[in-house]
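Trainee: Got a structure for you, written out below as structure tokens; questions coming shortly.
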């Protein structure tokens, strides 16, 4: 079996304008959603108390909502958690009340109506922790980018490094945009997922870049123009790109389907990240590389062994 | 060219066998057990405790499967939960309040596996249920307390030295001593300097004459470090009261403490106990032998209380009658250190604050020739540590307790007195309670998603790449084995994000194999012989694999450094997974391929799925 029977190199680079346009539009849209709607930050970031409840039989969300609102804790959220039996109640921080008191009060009230409720999880996060997480998260992203730029600049060249990181950030922004658009909860696990995408997507760009470097050095490719060389590299790695991503996506989808609510956000971030990872590494990073004016000499000069390829 | 030297095969075999052995303990499950540990620092768990415990359990008609003593606790393993509960009750009754008897689950790892250090993975709270607290030490309060103490010390010292001063005022981060004139400043300066050698003392002369005492950075640093350390010690002692089998109490960052109590569900009770104080009380002793006899006889005279006094290092208990009136409490203790008295006996040196010092001075002056009892109150129960006779008035707030204590006991007592109170109040900034049923669910869901994802990938690989796909799937399995073995052996705490990382790492690890297989197909397409295609495929793919894994690793390490909680749990597993995947995808899969194809003389084709060649040759 062979899925990809590609006879000629696909002229990806000639689609440059189109793909750049698509990228720009999605990017701008994502940023717009982030600005307008904002991220629905999880309790780790905002502070507050989250309770996870399980009912023996299907729960009536509206009833729970009225009951919780009756306690007058301010902006309380009640939502289903995957199944009809699992319910999540989110409460803001309240002065002079510990989360244990808070959750006990809520549970007592809910039990008065439906005794079959079971408290599965309580999580309380103070207000100071959230800010720290944001700074740490941003530091981590910056550090990852710098680390990758440094490594790629050493292994390849600065143009490769910068294109890869831009393509990467493009993915990250789009994931965040999706989370803003659908108002999915953005919590620590999702952040872990986003950061994992950062590493994963760069991996993808590296494979294509590797091929481009190899092509530049290969005598067979000597007469070809730079866009042709890049086209050939992308076409050659096409099959591997799809299969690898398919495999990873299978794993992530399996998490999305079987992982339950706790892994849902994480799997979702990765699902989107991997889909855009394919697109961005092929159709964002490489055109950028071209735009930065990569030439054969950039790649071939430092290699002494293959000098005959230069001449 | 596709033959490995023998040592490489041996290396692969050894790695896989070791991985298998170290993964094995995870499948044996756990059995119910009762764990006995010391409830107080002064009570030690030793071999005799074990004998007593076994005897008590046997008396209750139970037979433990296994008895383990690990230096600080005795663990008895039982067949079922019923026996475990009965044993707990029996042990609690037999051993009394001096010991913590907690229910626990012990891994059923066979002893031959234990002997090579194999153990099951340690599950995080989100997988086994329990309570997690993140406490923040209120440093401002710690500094306030220290400033208050400094102000008191100065007042006392100046009074002692008969230096006239206006007022000792505590500012926001300094203490100011107001003085009459420049001369007094000069006279006071050496006194204060001598009293507080670690602090910065600045004289001010002119319009206002005063001495300003401030904490230099180093002193502040030490202050906050000590505060956190003391609070951790206190928490340790208090958590012991909860009867938690394996509590985790750790410092996190500069001023935070993590407390994790697996298996505890009642947060309210946990918080109540964490917030309580164990303390020292100073009371007078009623030395009338008649009263003591009456009390022992069950007729305790009014206003007194019968307690026990520990004498000697063997912990022999002697009854003692003390007054109910508490003269002084541990709240007035600033510090307690173990040391030696003038006869070279082990002692505990207390440093009282200014109020404490005044009280103690008056108390000792009024009771010369009588006995004063130092009572350690723990779990609401008092015990007389020592009851010395007062020989003279004791001023200055420095009290030495030396009785028939050993050095170790003096250390323990000092630690306990320090641990009695918190150095600074703490706020709960994060709290998480996970029910045990949710934990089980999480394990199952995490396991399921990994299993189905793995199965999907394996099936696809076998269909698409045939023998090479099978080899890829097998080496991916090897990767899983290596990763789980590594996690178990190092003792990394597995959390739900950790399971997600295992799944994701497997999904990403197959990339290396896909790269290799695609490369081999390409070489075949370009007309290489099968053997050359294998060799070139692996060597060409290697550079790419290295680059892509290193970049992923950079991201992983950054997560490890800057992540906290969930992110860190993910990052640890992710990083380890990248490392094992490089080994398994490149070395293990090559080893198997070499075994299959490397020794065939005339190899005409490879089972790597259909290799499609375009119509025009060498496209």
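Along the chain as shown, the residues are counted starting at 1.
A Cβ is built for glycine as well, from the same backbone N, Cα and C atoms used for every other residue.
Bear in mind that the values here come from a model prediction, so they are computed numbers and not experimental data.
Pasting the feature list from TrEMBL:
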type	residues	note
DOMAIN	B:1-103	domain 'SecD export protein N-terminal TM'
TRANSMEM	B:6-24	transmembrane segment
DOMAIN	B:228-287	domain 'Protein translocase subunit SecDF P1'
DOMAIN	B:307-424	domain 'SecDF P1 head subdomain'
DOMAIN	B:426-595	domain 'Protein export membrane protein SecD/SecF C-terminal'
TRANSMEM	B:450-468	transmembrane segment
TRANSMEM	B:480-510	transmembrane segment
TRANSMEM	B:550-570	transmembrane segment
TRANSMEM	B:576-597	transmembrane segment
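Quick one: where do these features end up spatially?
Mentor: When Cβ-Cβ distances below 8 Å are used as the criterion, the transmembrane segment (B:6-24) is approached by residues 113, 116, 118, 478, 481-482, 484-486, 488-489, 583, 587-588, 591, 595 of the same chain, each at least six residues removed from its ends.
Same-chain residues lying 6 or more positions outside the transmembrane segment (B:450-468) and placing a CB less than 8 Å from one of its CB atoms are 476-477, 480, 499, 502-503, 506-507, 510, 513, 517, 520, 593, 596, 606-609.
Sequence-distant contacts of the transmembrane segment (B:480-510) (same chain, six or more residues past either end, CB-CB distance under 8 Å): 15-16, 18-23, 25-26, 117-127, 442-443, 446-447, 449-450, 453-454, 457, 461, 472, 552, 566-567, 569-574, 576-578, 580-581, 583-585.
Long-range Cβ contacts of the transmembrane segment (B:576-597) within its own chain (Cβ-Cβ under 8 Å, at least 6 residues beyond either end) map to 2-4, 8-9, 11-12, 15-16, 467-468, 471-472, 474-476, 478-479, 482-483, 486-487, 492, 501-502, 505-506, 508-510, 512-513, 516, 530-531, 534, 538, 542, 545-546, 549, 552-553, 556, 603, 606.
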